[in-house]
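Annotated Fe cation binding site per TrEMBL: B:His89, B:Asp91, in sequence order. The feature Zn(2+) binding site is assigned by TrEMBL to B:Cys98, B:Cys101, B:Cys134, B:Cys137.
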There are 2 protein chains.
Amino acid sequence: MKEGITNILKKSGLSLTDSRRRILQLFLESNNALAHADIEKLSSDQFDRVTVYRTLQTFVEKGIIHTIPSADNAVRYALCQDECSAGHHHDEHVHFVCDVCGATFCLQHTAIPQVQLPNGFKLRQVDVLASGKCNQCA
Amino acid sequence: MKEGITNILKKSGLSLTDSRRRILQLFLESNNALAHADIEKLSSDQFDRVTVYRTLQTFVEKGIIHTIPSADNAVRYALCQDECSAGHHHDEHVHFVCDVCGATFCLQHTAIPQVQLPNGFKLRQVDVLASGKCNQCA
DNA sequence: AAATATTTGCAACTCTGTTGCAAAATACTG
DNA sequence: CAGTATTTTGCAACAGAGTTGCAAATATTT
Ligand SMILES: [Mn+2]
Ligand SMILES: [Mn+2]
Ligand SMILES: [Zn+2]
Ligand SMILES: [Zn+2]
């Protein structure tokens, strides 16, 4: 796992720092999406707030994590599992938010359904945000 | 139109105040969703920031407007067109955000597609957030 | 028109996120 | 491996969004 972390950072051309290693580790260990606040708690005041923000920003730019839109307007982040690269994300999968535990999951194996737009509208991207009860809470 | 505004407020059991009349009017006049900032600009400092927040909150509670999730995490509001009541919203339609002009539309006549969830997950709601170019900007 | 209930505006506050800059850590070079 | 150049970090300060308590103003009820 330590290997994986270093590799991912190097592959993205990022210098190896404590905060980057630790935050990336948190994502690799978690099976659901993390918000900024989660990371601050989990890294228990090891790093400055600002460092966490900047690290997340960097990871998004490098295609390591992606942001997840949410109905409650709290930004969450999750590992990119497709082949995302710096500047180009390909994470058009369904996201699911559990009403009970609040956990947010990337449903990689759930197809994004077709959307019909009115005349004159040009589609670029579709985000699907499902909510309900997760398999733990149902 | 003045009639409509008064009626809507009365039907929801709300007292008739300048701010409520004005803000509701803005929604009726606009054909796309409005963010808090838009409303502040459009009502050009007629009302206090806090009043606008509270009015929007009240309208959401009463089922007059609904919030729209967005990828950029800026809350937008639009009139409920279905039969939403206090506490119960039924606005499961597709929302479209234009990449160019930023306008957000409720696509009432676009069907919400079917979503298949993994085993053990219970679906309650699906939000679809499409983006691209609107008919004005394409 | 007076009494009651609701809403407004203000001030103060919290929470989230950003920026500039000096100090510290990392990467590069010989 | 030490010395230098580059990048990243932490701090302080700031900006913006949203919330709350409370007295004054407005709306509703009688
Ligand atoms: Mn995802
Ligand atoms: Mn809508
Ligand atoms: Zn759950
Ligand atoms: Zn447009």
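Counting begins at 1 with the first residue displayed.
Backbone N, Cα and C define each Cβ position, glycine as well.
Overlay of TrEMBL feature records on the structure.
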residue  : record                 : DSSP class
B:His89  : Fe cation binding site : coil
B:Cys98  : Zn(2+) binding site    : strand
B:Cys134 : Zn(2+) binding site    : coil
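Listed binding-site residues (B:His89, B:Asp91, B:Cys101) with a CB under 8 Å from any chain A CB: none.
Reported as a whole number, the C-alpha separation between B:Cys137 (Zn(2+) binding site) and B:Asp91 (Fe cation binding site) equals 26 Å.
Taking the Cβ of B:Cys101 (Zn(2+) binding site) as centre and 10 Å as the limit, one finds 12 other Cβ atoms among all the protein chains shown.
Taking B:His89, B:Asp91, B:Cys101, B:Cys137 as the candidate binding-site residues, the subset whose CB lies under 6 angstroms from any atom of ligand 4 consists of B:Cys101, B:Cys137. All chains included, 23 other C-beta atoms sit within 10 angstroms of the C-beta of B:Cys134 (Zn(2+) binding site). Listed in sequence order, the binding-site residues among B:Asp91, B:Cys101, B:Cys134, B:Cys137 whose CB lies under 6 angstroms from an atom of ligand 2 come out as B:Asp91. Around the Cβ of B:His89 (Fe cation binding site), a 10 Å sphere holds 17 further Cβ atoms from the protein chains shown. The Cβ neighbour count for B:Cys98 (Zn(2+) binding site), using a 10 Å radius over every protein chain in view, is 21. Taking the Cα atom of each, B:Cys101 (Zn(2+) binding site) and B:His89 (Fe cation binding site) are about 28 angstrom apart.
Highlighted in sequence order, B:Asp99, B:Val100, B:Gly102, B:Ala103, B:Lys133, B:Asn135, B:Gln136, B:Ala138 have their Cβ within 8 Å of the centre of the Cβ atoms of B:Cys98, B:Cys101, B:Cys134, B:Cys137, the residues recorded for Zn(2+), and are not part of that set. Just so you know, the Cβ of B:Cys137 (Zn(2+) binding site) picks up 15 other Cβ atoms within 10 Å once every protein chain is counted. A simple way to gauge crowding: the CB of B:Asp91 (Fe cation binding site) has 20 other CB atoms within 10 angstroms, across all the protein chains here. Distance noted between the C-alpha atoms of B:His89 (Fe cation binding site) and B:Cys134 (Zn(2+) binding site) is 26 Å.
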